[in-house]
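Shown next, in structure tokens, is the structure this report addresses.
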Ligand code: URA
């Protein structure tokens, strides 16, 4: 079973507490999600392979460590996942970006896939699938399935806030996928919101209701 990593770093916890506050407006919410995405990517990229390279400093020739050229892709689940892309690209600017669009069927509560556009070589890339809220896990499970169907074999899920129910569901459906999250919250309520959560992440990012 792949790991669930709850990132307890003080900066992560502080920024997450700030965006939980309902008084925080769109501009600040967006900036903080960007910063959180960056900090979570730092954690999610901990095991990227390194290689030894030679470099000439102004003082000496030395052998040092450099990323081993592993290709990455960032794939947001639309729409709220979009809010995390820029922060990740600030750390990994060469990553390609794919998109997965789904909506939740209001009657069945099941996610429906309506748009999938991925880099052609997705099968050779480590994929960071991003969605700020892991609630029931339905969208994440379908997002991972959509990636696997198209050949992706190395996938990590990055979320800001996760419900225990969603984590369990994703782990059961895709035990090979590690999850990096800033918080494991208490539960889901009857409306499908994470408690205490931060409300609707998409609405708060984009200023809609
Ligand atoms: N999606 C959100 O944006 N917020 C929740 O609490 C649950 C799902």
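Note that Cβ sites are derived from N, Cα and C of the backbone, with glycine treated the same way.
The Cβ of residue 133 (5-phospho-alpha-D-ribose 1-diphosphate binding site) has 25 neighbouring Cβ atoms from other residues within 10 Å, across all protein chains displayed. The 5-phospho-alpha-D-ribose 1-diphosphate binding site annotation in TrEMBL covers 79, 104, 131, 132, 133, 134, 135, 136, 137, 138, 139, 200.
In the three-state DSSP reading, residue 194 (uracil binding site) counts as strand. The C-beta environment of residue 194 (uracil binding site), restricted to residues of the same chain at least 6 apart in sequence and closer than 8 Å, consists of 133, 135, 161, 162, 163, 185, 187, 188. Residues annotated as uracil binding site in TrEMBL: 194, 199, 200, 201.
Among the features that TrEMBL reports, domain 'Phosphoribosyltransferase' is placed at 8-208.
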Between residue 79 (5-phospho-alpha-D-ribose 1-diphosphate binding site) and residue 201 (uracil binding site), the C-alpha gap once rounded to whole angstrom
9
Have a look at the binding-site residues (137, 199) and report the one with the fewest Cβ neighbours inside 10 Å.
199
Row residue 131 (5-phospho-alpha-D-ribose 1-diphosphate binding site), column other C-beta within 10 angstroms, all chains, value 29
